[in-house]
Amino acid sequence: MAEAPIIELTNIVKSFGPVSVLKGVNLRAYPGKVTALVGDNGAGKSTLIKGLAGVQPYDSGEVRFAGEAVHLHSPREASRLGIEVVYQDLALCDNLDIVQNMFLGREELGFGTFDEGLMEREAAETLRQLSVRTVSSVRQKVSSLSGGQRQTVAIARSVLKKAKVVVLDEPTAALGVAQTEQVLELVGRLAEQGVAVILISHNLADVFAVADYISVLYLGQMVASVKAEDTNRDDIVGYITGSKTYNGVQA
Amino acid sequence: MTQTQTPPGAVTFDSSEPSATRRVVTSTAFMIAIVVTVLILLFGVLSPNGVFLSAGNFRNLALDSAQLILLAVGMTFLVGAGELDLSIGANVILSSVVAAKVITFVGGTPEEILAGDYSNAATAILLGFLAAVVTGVLFGIVNAALVNMLRVSSFIVTLAMMSAGSGIAYIVTGGINVSSLPREMQKGFGSADLFGIIPIPAVIAVVIGLVAWFAMTKLRFGVHTLGMGSSLRAAERAGINIRRQRVKLFVIMGGIAGLVGFIDISRFLTTNIQGHQGDALAAIAAVVIGGTSLFGGRASILGSMIAAIIPAILINGLVIMRVGSFYQLVVTGVILLIAVGIDQRRRAQSK
């Protein structure tokens, strides 16, 4: 392994009352690489991600960020480190425009009032770096955007402040074929910029299209972490459903 | 946009909104301003000797609409944030009652007060003003705290507080209005004029309205308010402390209601515990007519301010024309329906 992981979870445990959801999970994500996190419903993907976002802290286990042990106990802490999550239901404000959405909660001020010019330039620059071509004006209201464009804005929002780790929760779930294609391209470009992308998806075609690594959660345990090029669809389906066991070295 | 520095193949973005003139002309505030102008001209033509258009009558209009403008400004923030406050009428009453009690308590002996001749008027009025605003703010804090703690919609919480608030006002006064307040507060504030023609309450309403407009459009406070109204979850995930924002919003509304309560007793020198029943709905009507979405996320302070003048114009105009002022309620209702109908249609087209 040439590069050190930017984020490394070791032996993560989380339970809700008597129900233990994560039973000692390990996960790594590398800068510039897409790590797909797959698993059936109830496998613990969301719980793992919520801990990473600082929304629901883990019960125990070690989180290393760029080699340093950290505690992710609040969303603010996670975003201070540069960990951003793009949720499945996007969480954009329909009535606000693209710039307002990208800067919501962290507006640039000059003399106490908005620095609209700066925000517009930064928003446009971020979209340009992601080679987004589908929106015409950064002052468009989000309500006028398509599903793919919204996903684009949500992703752009996550990298606006130089995020190091971006978690995408089912980014293509609600999209048509062409828009899925666009978003997957965007995921690739995100990684090209050195961001560690963690992609949660049920769609294995999407996963194999963009992922460098694939980690499979099964009933709260990470049953396989493999390089995408060293595996195939049937094996992954086997790991997800528990009908196959991975015997190789965890990548 | 200049293309000179852009490398070939790079993407450029248009950061321009529709042109300024286009935005102004198509805004709801502008359309409501036209309606208001038409109403004024209509009553001007119809009123005997054009008395409606006299300077004195404009002064009356300004004075009569000041309170509703203030309430509508506060309500614009709340509605823009997806909240409602139905209790502002009760808040106005309670604040005015507390202020009146403070003024009569501090102002002088019972005999002096009965004669309306206060020995200690200045201090009493100042303390009364503070009491009104503090009561209003506390009322707002209770509203916000209940919404935050019970996790119940503000509609229900403020409906309950409307009842509780006016009940407390009745208990404090025993159902009898506090009257014979010092005339100084009428002469010096409630009915006083700036430059001899512009009523002080109207000046206050406009100044607070402009400050509110600035906060809504240029400050974080405004965009966080609209973000909250647009999607509570998105606002929360963006790191906005929505509970604290809610407290701020209800505090602003409560403070304004307290101020309105003080203006009310300054104008009439008596509390009006039977009145103000329709204040909340009148304010919400003005807010919606002015272009704010009842579901939050979109708000226009200027639209609310202009729309809040309509009831005063109608009452005043109809009285001058010797038509019963009760028709005002009917006409306001019709305008509300037309405004919302037009707004819906335009929004459906723009999508």
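Cβ from N, Cα, C; glycine included.
Annotation comment: TrEMBL describes B:24-45, B:65-81, B:88-109, B:121-142, B:154-176, B:196-216, B:247-268, B:280-296, B:301-320, B:326-342 as transmembrane segment.
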Winner by Cβ pairs under 8 Å against the transmembrane segment (B:280-296), considering only B:24-45, B:121-142, B:154-176: B:24-45
Distal contacts, the transmembrane segment (B:196-216) - CB-CB under 8 A, six or more residues away: 55, 59, 62-63, 65-67, 69-70, 73-74, 76-77, 80, 189-190, 222, 225-226, 256, 259, 263, 266-267, 299, 301-302, 305
Paired segments the transmembrane segment (B:24-45) and the transmembrane segment (B:301-320) in contact, 3+ CB pairs under 8 A: yes
Spatial neighbours of the transmembrane segment (B:326-342) far in sequence, C-beta under 8 Å, 6+ residues away: 28, 31-32, 35, 282, 285, 288-289, 307, 310-311, 314-315, 318
Distal contacts, the transmembrane segment (B:301-320) - CB-CB under 8 A, six or more residues away: 27-29, 32-33, 35-36, 39-40, 42-43, 46-48, 51-52, 57, 60-61, 64-65, 68-69, 71-73, 75-76, 205-206, 209, 212-213, 216-217, 282-283, 285-287, 289-292, 327-328, 331-332, 335, 339
